[in-house]
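A.B. asks: The structure that follows is given in the form of structure tokens.
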Amino acid sequence: MIVTIDGVAASGKSSVSGGVARALGVPFISSGLLYRAATLLGLEARLDLHSAPALLAHLHTHPLRLEPLAQGNRVWQEGRELTDELHSSRVDRGVSVVAVLPEVRAWVDAQLRALPSPFVAEGRDMGTNVFPHAGAKFYLTASPHIRAQRRAHERPEDVPAIEAALIHRDELDRVQSAPAADAVVIDTGPLTLNGVIQTILAQLPERLRSGQVPSA
Ligand SMILES: Nc1ncnc2c1ncn2[C@@H]1O[C@H](COP(=O)(O)OP(=O)(O)OP(=O)(O)O)[C@@H](O)[C@H]1O
Ligand SMILES: Nc1ccn([C@@H]2O[C@H](COP(=O)(O)O)[C@@H](O)[C@H]2O)c(=O)n1
């Protein structure tokens with residue numbers, strides 16, 4: 001069984017997915033980390049981030065591996081762990097350019113679909129494109145200002161600069177970020193992190209809540 005949690009940038013997808021996954025006793029998958037890792041490798045190799053052939057050739061010679069641990073996802077490039085470098089402002093700025101490339105999206109999708117279920121998958125298009133047959137789908141929103149205030153604890157920039165960058169990234173990601181028609185949309189603005197997690201758990205089918213998570 002797969003649960004998808006999509007949403008706009010910094011809406012709480014990874015924090016919420018981690019909490020839901022722990023409650024269900026399954027791993028969660030943070031799809032954005034693969035786009036971020038591809039961007040980091042492209043920046044480090046000084047590649048043109050608009051060039052799918054250059055990026056894909058580099059990804060083939062420098063293979064990435066997503067490790068979907070219950071306590072948080074990690075990304076490896078052979079023996080090097082990239083995880084701590086993936087949430088820098090320079091990766092934030094470049095990642096949407098990379099994510100718009102269909103060839104890169106196909107590369108990410110193939111990696112995600114190869115992972116064994118059950119799991120909670122978070123991103124932008126988990127419920128629409130990657131796992132359209134998921135057993136339950138959610139979509140998180142919050143105003144840009146609230147998201148920027150939350151993110152200010154994690155970035156060196158001030159709230160107005162973070163808010164402007166989030167609005168810009170929302171716009172660049174707009175095409176792949178539409179909610180699935182059958183997703184439950186949750187405005188996380190008035191909710192605590194635990195409040196969002198509990199809201200989702202309460203709406204899951206009973207067979208999932210009781211921990212009887214089937215593998216397909
Ligand atoms: N409902 C909430 N109330 C307060 N803080 C929250 C809430 N949800 C998430 N946060 C905080 O907001 C920040 C962003 O959350 P998180 O990183 O999970 O978002 P995200 O959607 O995965 O971000 P990104 O799209 O950039 O990967 C974190 O500091 C997280 O603790
Ligand atoms: N399913 C997805 C997931 C992510 N992206 C792109 O990656 C960027 C970073 O993702 P975060 O979840 O870490 O914010 C995001 O801004 C998108 O450009 C995507 O396209 N599809």
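Quick reminder: no glycine exception, Cβ is built from N, Cα and C everywhere.
As listed in TrEMBL for this protein:
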type	residues	note
DOMAIN	3-204	domain 'Cytidylate kinase'
BINDING	GLY7, VAL8, ALA9, ALA10, SER11, GLY12, LYS13, SER14, SER15	ATP binding site
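Quick one: where do these features end up spatially?
C.D. replies: All protein chains included, LYS13 (ATP binding site) registers 28 other Cβ atoms within 10 Å of its own Cβ.
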A.B. asks: Would you mind listing, in sequence order, the residues at least six apart from GLY7 (ATP binding site) in the same chain with a Cβ closer than 8 Å to its Cβ?
C.D. replies: LYS13, GLU122, ARG124, PHE138, TYR139, LEU140, THR141, SER177
A.B. asks: Running a distance check here. Ligand 2 versus the binding-site residues GLY7, ALA9, SER11, SER15: which have CB less than 6 Å from one of its atoms?
C.D. replies: ALA9
A.B. asks: Rank the binding-site residues SER11, SER15 by the number of other Cβ atoms within 10 Å of each Cβ and report the first-ranked residue.
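C.D. replies: Selected residue: SER11.
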